[in-house]
Amino acid sequence: MATNWGNLLQDEQQLEELARQAVDRALAEGVLLRTSQEPTSSDVVSYAPFTLFPSLVPSALLEQAYAVQMDFNLLVDAVSQNAAFLEQTLASTIKRDDFTARLFDIHKQVLKEGIAQTVFLGLNRSDYMFQCSADGSPVLKQIEINTISASFGGLASRTPAVHRHVLSVLSKTKEAAKILSNNPSKGLALGIAKAWELYGSANALVLLIAQEKERNIFDQRAIENELLARNIHVIRRRFEAISEKGSLDQDRRLFVDGQEIAVVYFRDGYMPCQYSLQNWEARLLLERSCAVKCPDIATQLAGTKKVQQELSRAGMLEMLLPGQPEAVARLRATFAGLYSLDMGEEGDQAIAEALAAPSRFVLKPQREGGGNNLYGEEMVQALKRLKDTEERASYILMEKIEPEPFDNCLLRPGSPVQVVQCVSELGIFGVYVRQGKSLVMNKHVGHLLRTKAIEHADGGVAAGVAVLDNPYPV
C-alpha cells in the first residue's frame, strides 16, 4: 500500500513544525503517560508516543476485524467454561511453565470449591497484522488475543483528534474527516457497568487491581471516569492491600476495607514478576469470591498462547462452537499457522522446520505484556537448547507475519523527528457479559492501531517499542 503522505515526508522543516503542533495537541487531548523517572506520580507527565500521520489500513480488513470480534468473544467465553478442554490443552504446559501452573492451580481450587460468581465479564482485545500475500494483497492474520488487562482503550479514544489536527494544519480537511471516531473506554466501561448492575448491590464498588508503578494511569482513568459518570465508584488497590484488607463473608461476598466489591478489574497480574507469595494468596481470595472478575482465572487461561495454538487444530472450533459454521469460518480465516512443541513427532517436525527456515517463524512463550517473543538467531539458539527437553512444551511456534512496510514519523519524547519504515498492528476491543448460561451483552467497542519501526520485532506501547496510531481507511 503506497502512502499518500509521501511528499509530506520529504520536507524536514515542515515535519518538525508539524511535530511540535502534534505534540502540543496530544498533551492538550490527554494522550499522556507518567514518566519512567517518576512512574508513581502524576506531577510530571509526558505525551504517550504516537505517529505524526495516521497509517493507511484497507477498509475491508478493518471491517473484517470488527465483524469477527463477537465470534472471538463467544469463543473465549466457551473455552473458559470448558474445564476439560483447558485441562487437556494445558497439561504439557503446566508441567514446565510455573506461572501457568500456578494460575491453573487456582482454577482447580475454585472448581473444586464451586464457582461462586454468577456474572461473567470479558474485556478483551484481539490483535492482528496484515500479511502480505503472494499476489501482494494484504490479509488479516491474528497475532494473539489479550484476555487480561487489555490496555490503551482510553488513550486510543484521544488520538483521533490529534491526527485530525495534523491534517487540518495541512489544509487536508477532507482527509481529516476520514479519521474514524473511536471510544473504546466508553464501551469497556459499559461492560463493567452491566456486570456491576447484574451483581445487584447498589452500594458495592468496582475494585481495580493496580500496579505499584503505573505509567499508563491516564488510560485507566478514562474507564474510571466513564464509570463515575454512571455513579459507579472505583477504588484502586494493589494485590498487597487485598491480602491485608480483603475478606469474604459466609456467602463469599468480597469486602475490601469494609466495602463490598461487585467487580474486580485486573490491570495487574498477567506476568510472573507481578506475583509474590502474598499476591498469589490475594488472587486466590479474589477468585473464590462471588464478585465478578475481569477476567476470572479460566478466562485468563483461555488467553494463553497454548490455547491459541490448540484452537487452530482441525475440529476444535466446531467442538467449542457447535452449530455455528459461519462464526467458525470467520474465525478460521484469521488464524496464522500455529504449531505445538509438545514432546513427540509433531513437535519434532515443527522444530525441524523452524531450524531449516528460521525467518518464517516466531517462538512464543506463555507470556503477556510484550517483549517476550524470540526471532531469527535468538530463536534458533533457544530451539537448539530446548529441542531435547520437556521445557519446549511451554512454548509454541507461530508463522511469522510479514506485512508490507510503509513510511511514517514516530514521535517520542526526547527523540529527533525522523522518517522510518514501519508496520502496524490492529487491535479490536470486545466486551461480553454472561449471567449464568445466558449472554446478556456481546459487542465490539472500538479499535487500537499501534505502529513500530520494522527493526523492532516485538513489544507493545507500554513496553516502549510501538507507538499509538489511527487507521486511515483506504
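Using the three backbone atoms N, Cα and C, a Cβ is placed for every residue, glycine included.
Any TrEMBL annotation is an automated prediction that lacks curation.
These features come from TrEMBL:
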| type | residues | note |
| --- | --- | --- |
| BINDING | R125, 148-151, 214-216, Q220, 267-270, R450, 461-462 | substrate binding site |
| BINDING | E144, N146, E368 | Mg(2+) binding site |
| BINDING | E144, K305, 364-373, Y375, 398-401, E425, K452, D458 | ATP binding site |
| DOMAIN | 205-302 | domain 'Glutathione synthase substrate-binding' |
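Of all Cβ atoms in the protein chains displayed, 19 besides its own lie within 10 Å of the Cβ of E144 (Mg(2+) binding site). Between the CA atoms of S149 (substrate binding site) and K452 (ATP binding site) there is a gap of 21 Å. When the binding-site residues E144, N146, P365, E368, G371 are screened for a Cα within 10 A of the Cα of R125 (substrate binding site), the ones that qualify are E144, N146. Nearest in space to D268 (substrate binding site), taking C-alpha to C-alpha distance over the binding-site residues E144, N146, P365, G371, is N146. Cβ-based crowding with a 10 Å cutoff singles out Y270 as the top-ranked of the binding-site residues Y270, Y375. The two recorded residues, G371 (ATP binding site) and Q220 (substrate binding site), have Cα atoms 22 Å apart. Averaged over the domain 'Glutathione synthase substrate-binding' (205-302), the predicted model has a pLDDT of 97. Using Cα positions, the member of the binding-site residues E144, P365, E368, Y375, K400 nearest to Y270 (substrate binding site) is identified as E368.
Listed in sequence order, the residues of the same chain lying 6 or more apart from E368 (Mg(2+) binding site) and placing their CB within less than 8 Å of its CB are N146, I148, S149, Y270, M271, G303.
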